[in-house]
Amino acid sequence: MGRPRLIILLRHGESESNCDKSINRYVPNHKVPLTNRGHEQALAAGKRLREILLPGENVLIYTSPYRRTRETTQDIVSQLDGVEYRVYEEPRLREQDFGNFQFDEVEMSRIWKDRARYGHFFYRIPNGESAADVYDRCAGFNETLFRQFSSDKFAKVLVLVTHGLMSRVFLMKWYRWTVERFESLKNVNYCEFVVMERQDSGKYLLKNKMRTWNDPQPDPIITTTTTSPGSDGNSIEEKQNQIRILYEQVRKAEELRETTAQSSASVQEIEENALKEYEVLSGADVDAGRAFGSDFEDVLDDAGEAAENGICLLNTGRTIMTTAKTETFVPTPI
């Protein structure tokens with residue numbers, strides 16, 4: 001049989017909607033392009049792919065038809081001089097359908113919170129898909145691959161350029177993971193190689209250690225001093241550093257709640273206070289604040305927070321913002 005030596009799952013590079021969720025209100029999800037950084041990530045991925053190929057190996061690439069995956073694929077193949085490759089679009093590798101334009105930020109925030117409570121696998125986005133729906137079309141794609149593997153002419157390396165959730169669903173189907181295992185997984189990084197290597201038995205060994213929400217977390221950040229010696233702490237750069245520390249504190253608190261399931265009432269109060277204070281802090285520059293805020297909201301929607309630790313960290317954040325909220329600054333997305 002022509003089973004490939006490697007199957008590589010590759011999430012697209014950073015896209016504009018990854019940096020600014022407001023784009024989803026007026027640009028269709030399948031038309032969102034890569035950022036400049038996303039192109040750089042894709043070019044680096046192409047170089048890495050070139051390096052891991054053995055002499056004479058050819059490559060078959062299936063890509064989602066979304067613009068960000070097409071652009072990622074184009075950047076990858078631009079680095080494959082002298083390599084025999086073929087590229088095909090595969091609609092079944094597309095992103096989870098989030099229900100067309102996402103006009104109402106308040107409503108979308110409610111949807112993400114409902115999904116976190118209901119379960120990421122079975123929750124169906126209104127007018128869109130659940131991860132279970134994505135699983136069904138992924139199953140059909142896997143069956144297509146198995147039929148193609150019967151050909152001795154199948155490529156030595158198979159690359160699937162797709163999306164974060166589809167990558168996790170593909171692995172879930174292939175390795176017969178449980179729903180609980182799927183929901184424990186964090187998203188893969190932009191242009192991260194998730195490598196499956198064929199063994200002598202014909203089975204595929206997953207070479208990556210997938211990151212989960214249950215992984216041990218570093219101790220929460222308690223320090224509130226971010227100024228350099230001799231500085232008054234009022235520079236734009238130092239304010240941005242203060243914002244990053246606050247962001248990290250809230251993110252860690254969110255992850256703690258995911259694993260400890262503390263009081264929902266206390267957690268809701270913490271989230272509401274954090275959002276209010278963040279809005280005050282980012283109000284000096286709304287457009288730039290959105291880019292930072294999109295990542296912040298993702299954390300609040302997708303993770304959990306231990307109430308006791310969250311209160312401590314939030315108080316620390318208030319101390320930072322008391323000194324920063326009257327200053328004009330441009331937040332930098334993390």
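Here the Cβ of each residue, glycine as well, is placed from N, Cα and C on the backbone.
What TrEMBL annotates here:
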ACT_SITE  H12  active site, tele-phosphohistidine intermediate
ACT_SITE  E95  active site, proton donor/acceptor
BINDING   R11, H12, G13, E14, S15, E16, S17, N18, R68  substrate binding site
COMPBIAS  220-233  compositional bias 'Low complexity'
REGION    216-237  region 'Disordered'
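Feature annotations (TrEMBL) mapped to structure.
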residue : record                             : DSSP (3 states)
R11     : substrate binding site             : strand
S17     : substrate binding site             : helix
R68     : substrate binding site             : helix
E95     : active site, proton donor/acceptor : coil
Spatial separation of E95 (active site, proton donor/acceptor) from G13 (substrate binding site) - C-alpha basis, Å: 14
Between R11 (substrate binding site) and the residue listed as 'active site, proton donor/acceptor', the C-alpha gap once rounded to whole angstrom: 10
Among S15, S17, the most crowded of the binding-site residues [Cβ within 10 Å]: S15
Farthest-apart CA atoms of R11, H12, G13, E14, S15, E16, S17, N18, R68, residues recorded for substrate, distance in Å: 15
Under 8 Å by Cβ from the residue listed as 'active site, proton donor/acceptor', same chain, sequence gap 6 or more: N29, H30, S64, Y66, H163, L165, M166
Distant-in-sequence Cβ neighbours of the residue listed as 'active site, tele-phosphohistidine intermediate', under 8 Å, six or more positions away: L34, G38, A42, S64, Y66, R68, T69, E71, T72, V161, T162, H163, Y190, C191
Residues within 8 Å of the R11, H12, G13, E14, S15, E16, S17, N18, R68 Cβ centre (excluding the substrate site residues themselves): V32, L34, T35, G38, Y190
For R68 (substrate binding site), the number of other Cβ atoms found within 10 Å of its own Cβ: 29
CB contacts for G13 (substrate binding site) [other CB atoms within 10 A, all chains]: 28
Cβ neighbours of R11 (substrate binding site) where a neighbour is any other Cβ within 10 Å: 27
